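If you check TrEMBL, you get these features:
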BINDING   C43, C46, C80, C83  Zn(2+) binding site
REGION    182-316  region 'Disordered'
COMPBIAS  216-226  compositional bias 'Basic and acidic residues'
COMPBIAS  245-254  compositional bias 'Basic and acidic residues'
COMPBIAS  287-305  compositional bias 'Low complexity'
Amino acid sequence: MSERKVLNKYYPPDFDPAKIPKLKLPKDRQYVVRLMAPFNMRCKTCGEYIYKGKKFNARKETVQNEAYLGLPIFRFYIKCTRCLAEITFKTDPENTDYTMEHGATRNFQAEKILEEEEKRMQKEREEEELNNPMKVLENRTKDSKLEMEVLENLQELKELNQRQANVDFEAMLKQYKELEAEQKRREQEEDEQEMREMLEQAQNRRLLVDSDSDEEPVKPYVKPEAKMNPTDILQEDPQPQSKKLKTESWERSVGKLNTKSQLAGLVTVRKQKPSPALANGTGSQETTASTGSAPTTASSLSLLGVYSDSEDSAGD
């Protein structure tokens, strides 16, 4: 029994590999390969768009009687993802690209057209220079001018980059942020000022409405004047204002009571003339005392009589 994982086989001494029959395969044999769409295309049958990079299980075959510098050209067969129509394209080693063959149309590609146009112009220029030496001189002059312009533009770009290199972008951003913050602060202050003005206007309108109403306006508070001297308070009337008003109304209705100060003006004290006895000396002191006491008693009696008459008139 042979080994299952053996690497070397046994070859007998009389083994001849030329005697092994060769398998004959057709040259146009097809292989199943996995590929991606090399370009954007649109199906002619249903109009479905097939984008570049979409994966397909394709059949590959070698194109007969076509080659480029000994390189074979391959053809691929794919099916539309919507209607299953067959689409074919083949390789183009000359342009390192693919060419559409059947079943679909290739979408417009500006880059490829530009490259083809540049190649065509380059080919025409080479043909002109080959037959006309003056054309070669003109082309060289144009190329030199174009090169000088390119160098000048490059120098300007370098100078511009050097200018920008000296600019401090951090400082610029900081300054911009400060300006933005200042602008926001000013706007906020303006809004607050407007709000205060609106509140003041509303308050003034409210005060005007209150003043126009029937309510009695409130008397303003008058601050009492400061005392100039400490003794000024003794000269003021200690009675409150309410008591003064009551007293005045009582006096108007009933009458004011008499006081001693008012009666003092009615009483007069008589001055006694000196007697001749006192002028001559101390004659008879007893007679002087008796004569002096008599008018005093009379004056006191007259005073009591006047005081009693005034009290009776006040009582009536």
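The chain as shown is numbered from 1 upward.
Placed from the backbone N, Cα and C atoms, the Cβ positions cover glycine too.
Annotated features, which come from TrEMBL, shown on the structure.
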residue : record              : Cβ within 10 Å
C43     : Zn(2+) binding site : 20
C46     : Zn(2+) binding site : 12
C80     : Zn(2+) binding site : 21
C83     : Zn(2+) binding site : 12
Sorted by sequence, non-C43, C46, C80, C83 residues with Cβ within 8 Å of centre, Zn(2+): K44, T45, G47, E48, T81, R82, L84, A85
